[in-house]
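Since the structure comes first, as structure tokens, the remarks are kept for the end.
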Amino acid sequence: MKALSKLKAEEGIWMTDVPEPEVGHNDLLIKIRKTAICGTDVHIYNWDEWSQKTIPVPMVVGHEYVGEVVGIGQEVRGFKIGDRVSGEGHITCGHCRNCRAGRTHLCRNTIGVGVNRPGCFAEYLVIPAFNAFKIPDNISDDLASIFDPFGNAVHTALSFDLVGEDVLVSGAGPIGVMAAAVAKHVGARNVVITDVNEYRLELARKMGVTRAVNVAKENLNDVMAELGMTEGFDVGLEMSGAPPAFRSMLDTMNHGGRIAMLGIPPSDMSIDWTKVIFKGLFIKGIYGREMFETWYKMAALIQSGLDLSPIITHRFGIDDFQKGFDAMRSGQSGKVVLSWE
């Protein structure tokens with residue numbers, strides 16, 4: 001079958017021909033319809049330090065997808081041929097304390113689809129049926145293909161009560177923009193997003209944020225004054241991994257504020273911990289999605305009117321995958337969707 005693989009320990013992704021995956025007793029075989037390119041896939045393409053330590057070569061990559069069930073393991077119940085599905089890309093052990101307690105998103109033995117095992121950038125994918133999620137008929141293939149990153153946004157944004165709150169989102173990448181849209185949709189008062197990339201700030205404006213702030217040109221404190229905010233932000237969603245953005249968030253949080261961190265900062269990032277202590281801030285780390293509460297919330301948010309369509313800015317057939325990666329690497333894109341049909 002046709003697949004996109006990391007073939008060499010160098011920059012690039014290559015179109016390859018690989019055997020179709022075998023279906024285990026508890027697995028589903030999925031014929032892929034659409035896939036989306038994640039920032040993780042760009043890291044793998046670039047072959048950065050993290051990728052060199054993490055990714056086995058050669059391997060089929062990718063973990064954002066929607067497809068159709070075409071094969072079912074003999075122990076699987078609850079699925080039928082033709083079901084349209086996406087799936088949780090974190091495969092968990094089922095045996096550790098967190099898994100047994102129902103906190104599977106905190107499994108210490110998590111394996112990533114397209115990271116530690118073959119991924120979805122292929123004509124067919126096998127995953128455990130436990131990880132599959134049926135897509136409602138009124139959600140398009142394009143939107144279903146970005147459920148994985150949308151789930152990161154939903155998990156981060158809904159970590160805290162947002163109704164009536166002032167929310168700061170640092171980082172206007174696709175996940176940050178989707179998190180901002182979720183916050184606004186569920187009843188936040190002011191949702192302010194910051195970045196230095198004007199293309200992505202304009203995407204955030206299309207998604208309905210209160211203010212999209214280019215911090216290279218505007219002062220965040222001036223924006224707060226413009227909005228009549230006198231006590232700081234109640235909730236911070238750190239999506240950038242950029243130390244200056246996180247320090248600015250600490251400066252502008254209200255006392256008792258709550259911060260959810262999805263962005264991955266440098267391991268040696270320094271901050272003024274006295275601000276965390278004396279402001280009584282709560283900081284929560286986010287990894288992936290809650291299984292499977294986040295998935296149900298994603299479907300419900302879209303079905304209740306949240307419009308994510310502006311975040312998908314580029315669409316290509318799979319034979320033009322290089323154009324998709326070029327768009328992602330340029331920084332002048334939202335989500336990029338590749339069609340396998």
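Placed from the backbone N, Cα and C atoms, the Cβ positions cover glycine too.
Summarising the annotation, Swiss-Prot assigns Zn(2+) 1 binding site to CYS38, HIS63, GLU64. Taking a C-beta cut-off of under 8 Å and a sequence gap of six or more, HIS63 (Zn(2+) 1 binding site) has these contacts in its own chain: CYS38, THR40, ASP41, GLY89, GLY112, VAL113, GLY114, VAL115, GLY119, CYS120, ASP148.
According to DSSP, THR40 (active site, charge relay system) is assigned to a helical segment. Under the heading active site, charge relay system, Swiss-Prot lists THR40 (among others).
Look at Swiss-Prot and you will find HIS43 (among others) tagged as active site, charge relay system, backed by sequence analysis. Here HIS43 (active site, charge relay system) comes close to TRP50, SER51: these same-chain residues lie at least six apart in sequence, with C-beta atoms under 8 angstroms from its C-beta.
Annotation for CYS99 (Zn(2+) 2 binding site): same-chain Cβ neighbours under 8 Å, separated by at least 6 residues, are THR92, CYS93, CYS107. According to DSSP, CYS99 (Zn(2+) 2 binding site) is assigned to a helical segment. Per Swiss-Prot, the feature Zn(2+) 2 binding site maps to CYS93, CYS96, CYS99, CYS107.
With a cut-off of 8 Å between CB atoms and residues at least 6 apart in sequence, the same chain places ASN152, HIS155, THR156, SER159, ALA260, MET261, LEU262 near ILE286 (NAD(+) binding site), listed in sequence order. Feature annotation from Swiss-Prot assigns NAD(+) binding site to ILE175, ASP195, ARG200, LEU262, GLY263, ILE264, ILE286, TYR287.
There are 21 other CB atoms within 10 A of the CB of CYS107 (Zn(2+) 2 binding site), with all protein chains counted. Comparing Cβ neighbour counts within 10 Å across the binding-site residues GLU64, ASP195, the minimum falls on ASP195. Under 8 Å, Cβ to Cβ, and six or more positions away along its own chain, TYR287 (NAD(+) binding site) finds HIS105, LEU106.
Annotation for CYS96 (Zn(2+) 2 binding site): spatial neighbours CYS107, ARG108, ASN109, criterion Cβ-Cβ under 8 Å with sequence separation of six or more.
Mapped onto three states, the DSSP output places ARG200 (NAD(+) binding site) in helix.
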